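The next block holds one structure in the form of structure tokens; read it before the comments.
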Amino acid sequence: MPTIIMTKWPVKIDGSVKAKAMTFLQKLSADDTTPGLHVEPIAGAADSRVRTGRVDQFWRAVMFRLDGAGESHYVIHGVWPHDDAIAVATRVRLNVNPINGLPQIEQAEFERAEPAAYPAVASISPAEPLLSQLGRTRGDLVDRLGVPADVADLALAAPDEDAILDLAQQHEGWLGMILVDLATPDSIDTIAERLQLEAPEQTGDEDADLLRSLKQPAAQAQFAFIDGQEELRRVIEKGDFGSWRVFLHPEQRRYAVRRYKGPFRLSGGAGTGKTVVLIHRARVLAREQPDARIVLTTFTTNLADALRDGLAQLDPTVPQATSLNQPGVYVTGVDALAAAVIRSAGTGIADAVQSVLGDARSTPTGRTPNGRWREVIEASSSKLPSEIANETFLSAEYALVVLPNRVKNESEYRRVRRPSRGVALDRTKRDSVWALIAAYRAQGRVDGTLDFAEAAAIAAAHLATTGGQADHVLVDEGQDLSPAHWQMLRALVVESDDDLFIAEDSHQRIYGNRTVLGRYGIKIVGRSQRLTLNYRTTAQNLRYAMAVLDGGDYVDLEEQAEATGYRSARSGPTPAVEAVESLVTELDTIAGRVRSWLDGGAAPETIAVLVHDKFQRERVVNALNERGVQARAVDRDRPAEGRVLVMTMHRAKGMEFAKVVLADVGFQSAAEKARLDGLDEIERHDAELRARSLVYVAATRARDELVVIQRR
Ligand SMILES: Nc1ncnc2c1ncn2[C@@H]1O[C@H](COP(=O)(O)OP(=O)(O)OP(=O)(O)O)[C@@H](O)[C@H]1O
């Protein structure tokens, strides 16, 4: 049976043709001699491997036929109306790039989109073109990286990064990736290494050489060997947004498949495909080890829902376990995971409760309500200064010091170390803090409730004595997890190769406090890498989002300063920043923007308005509806179709939309200002970092257009 090698192009055809192309490819992959397919060479074609095939009366597929290892292979170049297909088929040629060993389809680009020609730079600006400013020469591009000469000339003439990105967008696969990299300060060697470029080996058997070239890691960002009919159907049915499932960047592929002798950490800015790598890695592990118990977890239940959907989209045949300790991939939020461990332990949880809280409960039931710390402080006659007697300080002290160290009483608290906690506590203050913690715990005991951090600490203590219940744990949004979460995950997975794989971005920490993995038994030691190519956000929006972070001192889970340099593969309009004086003007401005996008043909559910809190969310929904724009608030539920979506910036974490309005940027309510003023310096600094991170998270949700509304 012939093997189908898909390129990115055929997935861009529209609905009715897609269905016919699917039928054609299915038949082709079953038997290329089936009558009616009309797989035929073209007389006088530039490449003797070219074939056309009959999709229907009007449409033809253009393909290359390669024979290797006793099998035929079809590289599907695209589907065109009959006459266009013949014209394309006559001219295209598939060959191996003699410099970098990667496959290239020559001339194809010119038939689809005429690349922009940049006017001679001197005529528009005296500035030097970007690549020569970066010291790149034609020799670097053509002779070292294998960029075709015509494309290299356009790149060398491009005045700035945006122009290079526009050019990159016209070239699929490795060529687009090289162009994006060329606009960064990375050295030519770094670019060549990242894409694993190597001079080709020539055996004299051209088809075999081509097939080997098509299997190179960088080739797989553009060409995919399709594994069976079912996969073929999935590849064709999904539009371009689905291309993450098939065409991975060579770096993404490496992290998805590589084996590690212990925990591994993958960092990367928003939109660099960390989640994509995790989903692929879960699939690779599940396919290779069908009996393995794999846990894929993240910070919230909504994000876990998205991971579950993503895994099912990638491959519905990967078994998703419905409970812990079962073969398959168990996808769950990290707090739901703690609850599952406690639930499955039954009354056997009593020892763990005793060791963490020092009380004899065996069946904790509910969840401690929000605001409990405030109630405890208000009910006490504590003499502690306000920068200590506040919810932010106490909950952090509890999560960072008390729970991970299993402090159960005053004398243990007097002795415990409090690294990186800022505010020093003398003996009297420690005793007073402990009195509040004891009151907090007593109230939990009365109601039979646990807070999230307590539940994770208890689950960790239970697993530490009963043993691991997973073979591989994959974690997304690692920057938001608390020490007790890490202790639980460490104890959940049996220590072995590929035990923990952690994706994180410290710039996106919007919950909790900084954590250092090494303190909780997770030793990364040199097994840590970074993704740097942003797939989601245009370079213009990314620049705005990065500027929000400027000056903040972010550190990652290993206490290293977080790198900020990363690049985007896409270019678009500059974000619009609008300053407004009042709430009413803000609402009018939001409605005006949204309406103009809708009038321009955008689907309502691809537009999101992101706000700070639930009150503002309701205000915006009402204002939009009153102004005739159908809008809907998104809370825990999944976003619905047919309405403009309005949600908090926290809720938008992990999501993406074509167009985004960021509301209330820079606005601080009087209550929030008073809360921040009451914090000690370190806590306030951390709260400010989180606030910037929140705007960064929100700004990086936009794929194409971003409007920022600043309230003065
Ligand atoms: N190889 C790829 N080809 C095409 N699209 C991709 C690829 N990798 C990722 N993407 C797309 O880029 C977007 C961002 O990917 P993903 O959500 O995995 O990034 P992330 O690093 O987890 O982002 P965030 O930290 O903001 O949640 C998604 O739309 C995803 O489908």
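Counting begins at 1 with the first residue displayed.
A Cβ is built for glycine as well, from the same backbone N, Cα and C atoms used for every other residue.
Marked as domain 'UvrD-like helicase ATP-binding' by TrEMBL: 247-545.
Same-chain residues at least 6 positions away in sequence with a Cβ under 8 Å from that of THR275 (ATP binding site) are, in sequence order, ALA306, LEU307, GLY310, ASP476, ALA503, GLY654. Per TrEMBL, ATP binding site is recorded for GLY268, GLY269, ALA270, GLY271, THR272, GLY273, LYS274, THR275.
Listed in chain order, the residues near the ATP site other than GLY268, GLY269, ALA270, GLY271, THR272, GLY273, LYS274, THR275 are ASP505, LEU531, ASN534, TYR535, ARG536, each with its Cβ within 8 Å of the site Cβ centroid.
In sequence order, TRP244, LEU248, HIS249, GLN252, LEU531, LEU533, TYR535 constitute the residues six or more apart from GLY273 (ATP binding site) in its chain with CB-CB distances below 8 Å. Using a 10 Å Cβ-Cβ cutoff, GLY268 (ATP binding site) registers 24 neighbours. Counting other C-beta atoms within 10 Å of each candidate's C-beta, the binding-site residues GLY269, GLY271 are led by GLY269. Per-residue confidence over the domain 'UvrD-like helicase ATP-binding' (247-545) averages 92 (mean pLDDT, predicted model). Between the listed binding-site residues, namely ALA270, THR272, the fewest other CB atoms within 10 angstroms of a CB are found at ALA270.
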